[in-house]
Ligand SMILES: NC(=O)c1ccc[n+]([C@@H]2O[C@H](COP(=O)([O-])OP(=O)(O)OC[C@H]3O[C@@H](n4cnc5c(N)ncnc54)[C@H](O)[C@@H]3O)[C@@H](O)[C@H]2O)c1
């Protein structure tokens, strides 16, 4: 019997990442080659014509798995019955804008969209926030959609995870698929911490630790970390636009692993609510290593954390606590 189509909401669908992401979803790269989808595309009124253009292209591509496309500027209509919500909509930082102004715009968007999802989405809807500040937008969404289980609200750090894998593979002249179990801890920002202490590489001589094979602590403890933290800015400098293709691909990786499960012996990085694991403040949306099974993620437990890692994990946690305070002050509420 054919499976029911999965309804996938993409907010900010007329934007750059949206344009790269929707064909990936329609081709089965997010939910698998046997899962039909119905795309719900949301954008704002000034982008309505562009959004319609995206819908026209989706129709023209005649994707076999794509059963329908709903393109709308009405948030309530967009959220109706969705099983998965990919939140790309956000207000970008513009020249001369203070951090607080950007936060204030985004917090209001996420408060409103939380309420629409809470009222309209399917039970057990899984949410992935991509728009920046991704962790704090997800936190606001979680706080203002209390009936959505907190385990269902996540943010994207898989792009940073993939970036770290890509750098290691380049350094060792291997393929990305040979590298696994890097970790991104913390905030999707320039304080994120790519940790390679548990990462391994499959070679013709068997599985080796990345630290052993790279054998260059300066590169691992400095260059790699800075490169991953600053990669977004480097892409903007080179391409003149912010990363879209890699962000869309990472969003597919995030949802595919979450829904279909992580490979045996592997984990991914996901921004999820903290249950206090590794001493991280309870309730923050913080990126941890997770494994996924039966549509549920679990934080990988018991990894040894050295002093170097501890300091970096605490620094990115501190930034998230400050962002949370700023977000609440924008809403005129105390924590
Ligand atoms: N977490 C990550 O790894 C990661 C990586 C890359 C980009 N990002 C972030 O993802 C977001 C999207 O990036 P992009 O390059 O596609 O941006 P973009 O500006 O091209 O697209 C954003 C879209 O959102 C729409 N939008 C704005 N407010 C909206 C609202 N209230 N409701 C519905 N739509 C709304 C805009 O009209 C626009 O079409 C940005 O915030 C970016 O910083 C995150």
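Even glycines carry a Cβ here, placed using N, Cα and C.
Whatever TrEMBL says is automated annotation, not expert-curated.
Feature annotation from TrEMBL assigns domain 'Lactate/malate dehydrogenase N-terminal' to 7-153.
Residues or ranges marked as NAD(+) binding site by TrEMBL: 12, 13, 14, 15, 16, 17, 18, 43, 106, 130, 131, 132. According to DSSP, residue 12 (NAD(+) binding site) is assigned to coil rather than to any helix or strand.
When secondary structure is read from DSSP and collapsed to three states, residue 99 (substrate binding site) falls in the helix class. The Cβ of residue 99 (substrate binding site) lies under 8 Å from the Cβ of 93, 326, each of these being in the same chain and 6 or more residues away along the sequence. The substrate binding site annotation in TrEMBL covers 93, 99, 132, 163.
Here TrEMBL flags 157-326 as domain 'Lactate/malate dehydrogenase C-terminal'. Mean predicted confidence for the domain 'Lactate/malate dehydrogenase C-terminal' (157-326): the pLDDT average there is 97.
With a cut-off of 8 Å between CB atoms and residues at least 6 apart in sequence, the same chain places 132, 133, 134, 135, 155, 156, 157, 159, 160, 271, 287 near residue 188 (active site, proton acceptor), listed in sequence order. In three-state terms derived from DSSP, residue 188 (active site, proton acceptor) belongs to neither a helical nor a strand segment and is classed as coil. Taken from TrEMBL, the feature active site, proton acceptor applies to 188.
Across the domain 'Lactate/malate dehydrogenase N-terminal' (7-153), DSSP assigns 68 helix, 27 strand, 52 coil. Neighbour counts were taken as the number of other C-beta atoms within 10 angstroms of each residue's C-beta; across the binding-site residues 93, 163, the minimum falls on 93. The binding-site residues in question are 16, 106, and the one with the fewest Cβ neighbours inside 10 Å is 16. The CA atom of residue 163 (substrate binding site) is located 25 Å away from the CA atom of residue 14 (NAD(+) binding site).
In sequence order, 11, 12, 87, 88, 89, 90, 106, 109, 137 are the residues near residue 131 (NAD(+) binding site), counting only same-chain partners six or more apart with C-beta under 8 A.
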